[in-house]
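Enquirer: First the structure, which I've put down as structure tokens, then a few questions once you've had a look.
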Amino acid sequence: MQDASQSTRPLRAARPQQGLTGDITVPGDKSISHRALMFGALAVGETRIEGLLEGEDVLRTAAAMRALGAEVERLGPGRWRVAGRGVGGLIEPADVLDMGNSGTAARLICGLLAGHPIFAVLTGDASLRKRPMRRVTDPLAASGARFSSREGGRLPLAVEGAKNPLPLDYRLPVASAQVKSAVLLAGLCARGTTRVEEPEATRDHTENMLRHFGATVRVTVQGSGRVIELDGQPELTAAPITVPGDPSSAAFPLVAALLVPGSRLTVRGVGLNPLRTGLFTTLREMGADLAVTNERTEGGEPVGDITATHSALHAVEVPPERAPSMIDEYPILAVAAACATGTSRFRGLAELRVKESDRLAATIALLAANGVAARAEGDDLVMERNGAPPAGGGTVVTHMDHRIAMSALVMGLASEQPVAVDDSAFIDTSFPDFATLLDRAAGGGAITPA
Ligand code: S3P
């Protein structure tokens with residue numbers, strides 16, 4: 001498998017001759033793609049997947065499921081077949097599982113391994129090896145699984161799964177769908193009911209897919225949070241999955257269209273799960289012309305087509321409770337706010353510090369390199385702007401972070417001077433054709449090697 005860290009690909013984006021136009025689709029949802037492969041591996045029978053994201057993060061999960069004994073086969077573009085082993089049926093991998101850049105793969109697989117009486121070692125690239133894993137290993141250890149890791153709970157990490165895992169009852173200290181999902185995955189192998197309480201609702205793709213495969217899941221709304229209960233040791237039955245376009249990927253071309261004069265761009269088949277659409281709500285509050293048409297349900301998830309038309313944006317204050325529904329979208333929202341009029345404040349961004357990079361610092365540096373002064377005040381991001389295009393002209397250090405790279409390139413399309421990124425290779429983790437797709441929508445010649 002190609003490793004994004006092995007080749008550096010600097011790119012530059014400049015203001016295009018014309019607006020972004022046309023009809024495009026974006027790759028499949030990353031969160032749903034990981035889960036489709038994992039639940040397929042745990043189900044009895046053959047799961048057919050359409051629209052799987054074939055980015056590096058998801059290919060790591062595919063390789064890991066193969067190493068754990070599932071049959072995982074690519075039938076064609078986005079079309080995959082998984083023959084599962086049943087809950088509790090995974091086998092010991094013969095080698096270290098390398099999760100590359102993917103926090104979702106590493107954390108969810110910890111949950112999956114915790115309930116199987118096998119030994120496994122997980123590692124990842126330099127970015128993933130810096131990220132905190134105790135947020136999953138601490139709760140999972142209470143099931144009887146044993147973990148040992150580097151200082152600070154970092155990868156590489158060894159797991160000895162529990163023979164008779166105990167069901168967990170856990171209240172999440174941070175709003176994290178990855179931690180919730182790890183606990184629920186461990187709960188599949190436990191006898192009895194696993195209970196997770198989340199103070200703020202986070203993406204519910206795990207709960208939806210568990211039900212889709214036949215598990216019993218009860219969800220109770222509690223204020224802005226939820227309590228999720230899963231009955232252990234269900235028989236999961238293979239079921240077809242259609243993966244919607246990733247709203248977190250659609251965010252980049254849509255914001256580009258809002259910012260570049262003369263644009264009118266449609267992204268078709270975007271997932272519209274309400275626990276993922278905080279960015280679209282926020283952009284509308286800023287005055288964005290975003291129209292959703294053709295709303296439908298595909299594979300149990302709401303989907304629609306979104307058309308963005310160039311708009312004059314004004315500043316916004318984003319409340320902290322909205323963060324879980326747009327946690328991956330703050331870098332691109334910051335680029336939009338850099339082109340808006342007024343003082344923007346995004347509240348409660350502590351979690352951004354432990355993403356693929358320290359995204360709070362990387363976003364401020366991205367803006368600073370291009371003439372936009374933004375600052376962190378505690379866990380808030382603040383900037384004052386007058387609606388003029390950013391100066392641009394900078395080179396952005398991407399820190400192995402796909403979303404910092406894509407945000408910087410969108411900024412280049414909207415700035416006075418071109419914006420360069422030191423390395424675009426990590427974009428392949430979630431959106432392999434990003435540069436080609438955006439450049440084509442902009443009429444060509446806007447995104448070029450730096
Ligand atoms: C994800 C959850 C989020 C998000 C990540 C994908 C998931 O992470 O940032 O890109 O698929 O569950 P956290 O759980 O750390 O918030």
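All residue numbers here begin at 1 and follow the chain in the order shown.
Glycine residues also receive a Cβ, built from the backbone N, Cα and C atoms like all the rest.
What TrEMBL says about a protein is an automatic prediction, not a curated fact.
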Enquirer: From the candidates Arg60, Arg74, Arg131, Arg134, give the one listed by TrEMBL for the same phosphoenolpyruvate site as Lys30, Gly103, Gln178, Arg359, Arg403.
Expert: Arg131
Enquirer: Look up region 'Disordered' in TrEMBL and report which of 1-26, 287-312 it refers to.
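Expert: Per TrEMBL, the stretch marked region 'Disordered' is 1-26.
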Enquirer: Let me know the model's mean pLDDT on the domain 'Enolpyruvate transferase' (16-435).
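Expert: The answer is 98, the mean pLDDT of the model over that range.
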Enquirer: What is the number of other Cβ atoms found within 10 Å of the Cβ of Arg403 (phosphoenolpyruvate binding site)?
Expert: 28
Enquirer: Distance between Asp328 (active site, proton acceptor) and Arg403 (phosphoenolpyruvate binding site) at the Cα atoms, whole Å?
Expert: 8
Enquirer: Fill in the CA-CA distance, Arg359 (phosphoenolpyruvate binding site) to Ser31 (3-phosphoshikimate binding site), as an integer in Å.
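Expert: Cα-Cα distance, Arg359 (phosphoenolpyruvate binding site) to Ser31 (3-phosphoshikimate binding site): 19 Å.
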Enquirer: Where the criterion is a Cβ under 6 Å from an atom of ligand 1, which of the recorded positions Ser31, Arg35, Gln178, Asp328 meet it?
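Expert: Ser31, Gln178, Asp328, in sequence order.
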Enquirer: Fewest other Cβ atoms within 10 Å: which of the binding-site residues Ser31, Ser176 wins that one? Let me know.
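Expert: So among Ser31, Ser176, the binding-site residues given, the one with the fewest Cβ atoms within 10 Å is Ser176.
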